[in-house]
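A.B. asks: Once you've had a glance at the structure underneath, I'll fire off some questions.
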Ligand SMILES: O=C(O)CCC(=O)C(=O)O
Ligand SMILES: [Fe+2]
């Protein structure tokens, strides 16, 4: 939430940078509108099934490459088999600008995967590494709606040491370099904290932009 007290940017771990309020309300609304578009059937948000038999509590849709545990495909292999929706050029531009904002240096960062996750008030995400990409380029994360506790850990295991950060609507988080393969997760959302001007009544959206390293 773009409150009265500005929240400082912070480097949570080397290469892991939190930039509060990176997206102003106009940009947040644009991204929300796009998420709504991407979530419309046949795209439709779905809960991925884990090999363990469990079902993820977040609902998601992908652009560019379709992710399901634990691989990428050009087709929705765990659904109706259709081709994944294209990754738009403007979103790659946002990804590039995000990396520049986080690291303070121009880059030629060109993401080609977006994972859009929707969290209702009970959804969470266990500690995991993002390691199904064949590129060690940074991961860009954008948040909309309800805030959450984002747990950013270490590269060795799911446990401590970790740092809990609150991600609010409009916040950017980038993890790359030595933090690219750090474990991270969302232990809970904070449903009492919404962004009133956004137009998302409940829940949280998170969009991660990634480089597949695949052709
Ligand atoms: O929702 C978030 O902030 C993190 C999402 C995430 O870690 C993922 O999609 O791999
Ligand atoms: Fe992740």
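Numbers here mean position along the shown chain, with the first residue as 1.
Glycine residues also receive a Cβ, built from the backbone N, Cα and C atoms like all the rest.
The domain 'Fe2OG dioxygenase' annotation in TrEMBL covers 110-213. Taken from TrEMBL, the feature Fe cation binding site applies to 128, 130, 184.
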A.B. asks: For the domain 'Fe2OG dioxygenase' (110-213), would you mind checking the mean pLDDT of the predicted model?
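C.D. replies: Averaged over the domain 'Fe2OG dioxygenase' (110-213), the predicted model reaches a pLDDT of 97.
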A.B. asks: Using a Cβ cut-off under 8 Å and a sequence separation of 6 or more, which residues in the same chain sit near residue 184 (Fe cation binding site)?
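C.D. replies: Result: 127, 128, 129, 130, 150, 151, 152, 153, 175.
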A.B. asks: With a radius of 8 angstroms around the mean position of the C-beta atoms of 128, 130, 184, what other residues of the same chain does the Fe cation site pick up?
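C.D. replies: Result: 127, 129, 131, 182, 183, 185.
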A.B. asks: Select the most exposed residue of 128, 130, where exposure means the fewest other Cβ atoms within 10 Å, treating these as the binding-site residues.
C.D. replies: 128
A.B. asks: Could you count the residues of the domain 'Fe2OG dioxygenase' (110-213) that DSSP puts in helix, in strand and in coil?
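C.D. replies: Tallying H, G and I as helix, E and B as strand, the rest coil: 3 helix, 47 strand, 54 coil.
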